[in-house]
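Novice: Before anything else, here's the structure in question.
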């Protein structure tokens, strides 16, 4: 899994090619120096373009951050929704959701860090949109946990707090994960799926 | 608990007063705009001093970040060590460690965010020192978990991975915690202590 290959997969739906290259360059620049220390000139230069060429695709630096955040949140949410809709017991669905969500955050850790750490730099309208996506993410995980409680498979005294903790645990993988570490994204996913089933008091 | 009161407690051992005010100003500036977008002039201005006055206390911006990171890591490590040395069963000590560590990260969330997110901006020597403190932090939690396994109280197939996950869960409180949220630092600490005892398969 080369570092070069990742952005293509992550931003595959972004067209044209120049817009995609600019997003990739923006993620790398924001990750290295932070949003506020990065200029649109830095991003254009990194993508091998002129600043003027950047403005054809994105009006402002904030729009680049918003696109990164929006795509990142939607991809991670899709991963959870697919696990939610999978047939199986609540325990199987929760384990699958955690496995996939953790893998996503490990494999896309640079994007995930930018998305999580630069939330405060979004404009008001964009911030509200992203918060709505975060509430949906929370709702998908909470629904699986509630299914498990209703089925008598899970023992969870505080469903909201446990949902928050499960998502926090998975998201924070992006902070500490490095590609040259001891564990692969899939191995972290398996470990975390087991830990989360313990957190919900799974009787299986 | 006023926002103004916190820095005093956190940096209480830093003297003289001007050096402490500069650290507080640096934490706020780094948290708002990121390390790379902040100048020593910004920090001095926020502390009500001239840039020249700043250089009496700190040679570089990196030295400010290093002091913040060093003090932050040492305070959090002390919190864990006190829990480790408390008399009691491994379950009681682990619950106490998590309770205190989580409270620290909730109450000092601005400092903790700077400490965690700007690690890559430290110079080589300082980075190595901070990594050593992080390994000590890891070792304290791992020791309590190993005590529990040895006593037959915990069931942990992967002690290193579980230690990593427990610390990650607690540290990430700094990312999402806000003083105007629904839960107090103590309430999050209690919830997390229970979740972590579940993660280690505590039979109690």
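From the backbone N, Cα and C atoms, a Cβ is placed for every residue, glycine too.
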Novice: Pick from B:39-58, B:59-78: which range has DNA-binding region per TrEMBL?
Specialist: B:39-58
Novice: Mind checking which residues reach the DNA-binding region (B:39-58)? Cβ under 8 Å, same chain, six or more beyond either end.
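Specialist: Distant contacts of the DNA-binding region (B:39-58): 18-19, 21-22, 24-26, 28-29, 33, 64, 67.
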Novice: For a three-state summary based on DSSP, what are the helix, strand and coil counts in the domain 'HTH tetR-type' (B:16-76)?
Specialist: 47 helix, 0 strand, 14 coil
